[in-house]
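The structure under discussion appears below in the form of structure tokens.
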Amino acid sequence: MSLYREVDAFRVDDERRRVPEKVVNDIEVRIRINGGMEQRFTASPQALEEFATGYLLGEGLVDSVDDIVSIEISDNIIDAEIESGDLDIRRELVMGSDCFGGWRQRVEMVGPVDSDLRVRADDIFLAFKRMVKSAVVWRMTGGTHVAALVTGDEFRVFEDVSRHVAVDKVIGSGAMDGVNFRESFIVYSGRMPADMLIKVVRAGVPIIASNAAPTSSGYDAAQRTGLTMLGFVRGKRFNIYSHPERII
């Protein structure tokens, strides 16, 4: 399935006229883990294996791709088999993550970021320019978020209707290719709440930069985990909200 389709719309300015417009395609995706635990997502219909891999890592359901036994995809249903271990405990953290301050329990289970990476401000600006240039579907539809993982000269980028899924996809793609996340940074479009930052920290990425704002929970999570968080990356400026020593 394409990432977008063309529909009829009426444009109203000085007059009203029928015009063709492109809209982004979205689907409901289900992830079933070990035949039991199930989560539903709205996502763009591509790179579902990368999404599943990044989701499993970012939610702490596995510690590495070696813990993933298999991923099978059929009719927008993803069946993932993983090494079970302490799955019941991990499942409780995932299912409760968005309610009653559940992110605070999750952040206590995440170790501090272990990375000596240093990044020049100009590299952040260049990565953002490249990310925006790569966001073809966003330019056509205005309906996607975009995320990029930068590792030295390597640059991988995904668009998705969900900002969380876009980040899952770049993490999953990097993990499948054996990327050293401790030597990587993520740039993306979207707010930075705690659940997003915990996902990045679990992968081992030390820096995240967005053109949008952090939330207070995101600020607290970044401070606690040692993550360097940049917001409002626009033109030739940005704000550093935590652990500024990584930006030179």
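Cβ from N, Cα, C; glycine included.
Summarising the annotation, Swiss-Prot assigns active site, cysteine persulfide intermediate to Cys99.
All chains included, 15 other C-beta atoms sit within 10 angstroms of the C-beta of Phe232 (Mo-bis(molybdopterin guanine dinucleotide) binding site). Summarising the annotation, Swiss-Prot assigns Mo-bis(molybdopterin guanine dinucleotide) binding site to Phe232, Val233, Arg234, Gly235, Lys236, Arg237.
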Which secondary structure state does DSSP assign to Lys236 (Mo-bis(molybdopterin guanine dinucleotide) binding site), in the simple three-class scheme? coil
Sorted by sequence, non-Phe232, Val233, Arg234, Gly235, Lys236, Arg237 residues with Cβ within 8 Å of centre, Mo-bis(molybdopterin guanine dinucleotide): Phe125, Asn211, Phe238
